[in-house]
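A short write-up of the structure that comes next.
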Amino acid sequence: MTNIWKSHPLMKIINNAFIDLPAPSNISSWWNFGSLLGICLILQILTGLFLAMHYTSDTTTAFSSVTHICRDVNYGWIIRYMHANGASMFFICLFMHVGRGLYYGSYLFLETWNIGIILLFATMATAFMGYVLPWGQMSFWGATVITNLLSAIPYIGTNLVEWIWGGFSVDKATLTRFFAFHFIFPFIIAALAMVHLLFLHETGSNNPTGILSDSDKIPFHPYYTIKDILGILLMILVLMLLVLFMPDLLGDPDNYIPANPLNTPPHIKPEWYFLFAYAILRSIPNKLGGVLALVLSILILALMPMLHMSKQRSMMFRPISQCLFWILVADLLTLTWIGGQPVEHPYIIIGQLASIMYFILILVMMPVASTIENNLLKW
């Protein structure tokens, strides 16, 4: 009798992707984040579905419906906080996943990398729209500030913003459409993630050395299934510590004040995972320039394959590049800190220096370091 896993059309796909998949024997825990992101996405879709059953997307009742979920719905509070903090876990895993790709040269899988960038943009858009839904002060003003950035686009900007708003300000129409988009986007993300995986399985996984590992492959199951389960358990542990002990640690207290168009909060800032980009945006005193820098801060990832000057794929054996990589990480942490600070001295200048440093590191210093390393190795 033939094995159903290998003969059935659907089972065959699952088998080739998660069971009999040939995987490098030496991939480290940095390769766990793909599966963690998958779990995050499933968790977000499930908790989001249950929240959507009780949420109302009308400006008069949105805030109250979230309160109702937390107070009156059975286990509504845990579903709400798992969804809110699940987004933070999602972005932690995303940043680690992208960082791994940069460090080990995974960006040389062009299709996989480019779909990953689209996934990153889609996830950021989804998180932004989700933050608007509770209709607190930061929801309303965050939506106003970020959507208003599109007015910097020459000629069509103002019309574009009013079209997105569905009026002359962020109002009922905006909230309703954001809810609709926030609901549909995760399914688009799931579909894109499957394409991401499809392209990855065309080439096989990279590994820490960056050397071709075709001669030394092991089956995905049981080796990496058990490794992924360990990663998932650790992630759920961290998530539940957040949810059960400090659910509001990463949130903004201003979002517990219902949205009021007549009262601006003293410091408008997005969720922590957007602060690095927000700091870059604020560093440029010109609206259009800021918006361009904001988009380029993520889109610069698409240039990584072209900026790869090294004869080696991974940074594992490239100490100069390693130093620059960790300086880049420190720079991004600095930008994240600055994004949450008020616009005043000395934060302005620190933010500007960190923003310049970010682009110089990626566009100039890393390619130069790669070339130096090639020469040191007489290549």
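Glycine is treated like the rest: Cβ placed from N, Cα and C.
Below 8 angstroms of C-beta separation, residues 69, 79-80, 82-83, 86-87, 89-90, 93-94, 96-97, 100, 182-183, 186-187, 189-190, 193, 197, 228, 231-232, 235 of the same chain, each at least six residues beyond the ends of the transmembrane segment (33-53), sit close to that stretch. The annotation transmembrane segment is assigned in Swiss-Prot to 33-53 (among others) on the grounds of similarity to another entry.
According to Swiss-Prot, the feature transmembrane segment maps to 77-98 (among others), an assignment based on similarity to another entry. Outside the transmembrane segment (77-98) by six or more residues, the chain places 30, 33-34, 36-37, 40-41, 43-44, 47-48, 50-51, 66, 69-71, 116, 120, 123, 127, 130, 235, 238-239, 242-244, 247, 250-251, 271-273, 301 with a CB less than 8 A from a CB of the stretch.
Look at Swiss-Prot and you will find H83, H182 tagged as heme b b562 binding site. The number of other Cβ atoms within 10 Å of the Cβ belonging to H182 (heme b b562 binding site), over all protein chains shown, comes to 21.
Sequence-distant neighbours of H97 (heme b b566 binding site) (same chain, 6+ apart, CB under 8 A from its CB) are F33, G34, L37, G116. Taken from Swiss-Prot, the feature heme b b566 binding site applies to H97, H196.
Long-range neighbours of the transmembrane segment (113-133) within the same chain, counting only residues 6 or more positions beyond its ends whose Cβ lies under 8 Å from a Cβ of the stretch, are 55, 57, 62, 66, 87, 90-91, 94, 97-98, 101, 106-107, 139-140, 142-143, 146, 170, 174-175, 178-179, 181-182, 185-186, 188-189, 192-193, 195-196, 199, 270-271, 273-274, 298-299, 301-302, 304-305. The feature transmembrane segment is assigned by Swiss-Prot to 113-133 (among others), with similarity to another entry given as support.
A Cβ distance under 8 Å defines the sequence-distant neighbours of the transmembrane segment (178-198), meaning residues of its chain 6+ beyond its ends; these are 17, 34, 37-38, 41, 44-45, 48, 52, 55, 57, 112, 115-116, 118-119, 122-123, 125-126, 129-130, 132-133, 143. Residues or ranges marked as transmembrane segment in Swiss-Prot (evidence: similarity to another entry): 178-198 (among others).
According to DSSP, H201 (ubiquinone binding site) sits within a helical segment. Annotation comment: Swiss-Prot describes H201 as ubiquinone binding site, evidence class similarity to another entry.
If you look up Swiss-Prot, you'll see 226-246 (among others) marked as transmembrane segment.
According to Swiss-Prot, the feature transmembrane segment maps to 288-308 (among others), an assignment based on similarity to another entry.
If you look up Swiss-Prot, you'll see 320-340 (among others) marked as transmembrane segment.
Per Swiss-Prot, the feature transmembrane segment maps to 347-367 (among others); the stated evidence is similarity to another entry. Panel annotation: around the transmembrane segment (347-367), residues 279-280, 282-284, 293, 296-297, 300, 303-304, 307-309, 321, 324-325, 327-328, 331-332, 334-335, 338-339, 341 of the same chain, lying at least six beyond its termini, place a Cβ under 8 Å from a Cβ of the stretch.
Counting every protein chain shown, 14 other Cβ atoms lie within 10 Å of the Cβ of H201 (ubiquinone binding site). Distant neighbours of the transmembrane segment (226-246): 29, 32-33, 35-36, 39-40, 78, 81-82, 85-86, 88-89, 93; these residues of the same chain sit at least 6 beyond its ends, with a Cβ under 8 Å from one of its Cβ atoms. When the alpha carbons of H182 (heme b b562 binding site) and H196 (heme b b566 binding site) are compared, the span between them is 21 angstrom. For the pair formed by H83 (heme b b562 binding site) and H201 (ubiquinone binding site), distance between Cα atoms is given as 30 Å, rounded to the nearest Å.
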